[in-house]
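Novice: Features from Swiss-Prot:
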type	residues	note
ACT_SITE	141	active site, proton donor
BINDING	27, 111, 209	[4Fe-4S] cluster binding site
BINDING	56, 89, 139, 237, 238, 239, 281	isopentenyl diphosphate binding site
BINDING	56, 89, 139, 237, 238, 239, 281	dimethylallyl diphosphate binding site
BINDING	56, 89, 139, 179, 237, 238, 239, 281	(2E)-4-hydroxy-3-methylbut-2-enyl diphosphate binding site
């Protein structure tokens, strides 16, 4: 008896099933950052100025622009006396000092997990440590963390960078990482650092955030069960890009979309089962719109996979909490 290895009827006609990763989408840091901007607009009125995109998502940024947020990169573009919000990615000491010198009313939407890294850098620097930062050059979080010091912090993006690195204090050396990296890539680079600098001090807890870890773990479960993976996220979103790369590394074709309009029917030719996830800065509204588009392409079943339930919630800054907003329309 021979086994029939020809494509199934379902595979021939395209999408039939959609499997949703759990968890996916907004994390606590993104929720908090968006809420800070929205509350600032309600309390102080538009415009509210935000340094850099509050989170890396086109829909979120455009929605906040419509509500009265103005996104800037240079503090010189902020008028005197304005209210300024720092993005979730964090800022350097120089930016913080400039904002104070200009007299802005500042609300800090830096993710508390990024702030934790900044605090650790400041603490160990006082103890004479230099730092290796594992991250992506040019990412605002990396610029913010490296900008906590004027010197003594070195960026490595891959294992080759580690081999070429020269430090001043190999006996007083600590590692920090960008919070949105691939956990596998970060582990590989950290291992190379430890081989090169055996006395290096590792973070007390892994810097890569719980939400990044959970979403990557979910894709590791999702990808082998489907024919193609779709990641909802903007091109500038580091954690969304890592989800797409992870699925591809596991052998499953993967695509990243900013919205449902980016979907292409040809991606799903011969692919009955589609896995769907979203980066930590992508709202669930966009996921629902992608699901509807996949239904239009033939999907008849949409089901959630089992996954970690996230209950983390970060407090808002003083002045924007619930009590301070009483009576604000």
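The backbone N, Cα and C atoms fix where each Cβ goes, and this holds for glycine too.
What's the neighbourhood like for these features in this structure?
Specialist: In the three-state DSSP assignment, the secondary structure recorded for residue 141 (active site, proton donor) is helix. Taking Cβ-Cβ distances under 8 Å and a sequence separation of 6 or more, the neighbours of residue 141 (active site, proton donor) in its chain are 89, 90, 114, 135, 178, 179, 180, 238.
Remark: residue 27 ([4Fe-4S] cluster binding site) has 209, 210, 211, 212, 280, 310, 312 as non-local neighbours, by Cβ distance under 8 Å and separation of at least 6 in sequence.
Secondary structure at residue 239 (isopentenyl diphosphate binding site), as computed by DSSP, is helix.
Cβ-based neighbour count (10 Å, all protein chains) for residue 237 (isopentenyl diphosphate binding site) stands at 26.
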Novice: Looking only at 56, 89, 139, 237, 238, 239, 281, the residues listed as binding dimethylallyl diphosphate, what is the longest Cα to Cα distance in Å?
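Specialist: Overall maximum Cα spacing for these binding residues reaches 15 Å.
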Novice: C-alpha of residue 239 (isopentenyl diphosphate binding site) to C-alpha of residue 111 ([4Fe-4S] cluster binding site): distance in Å?
Specialist: 14
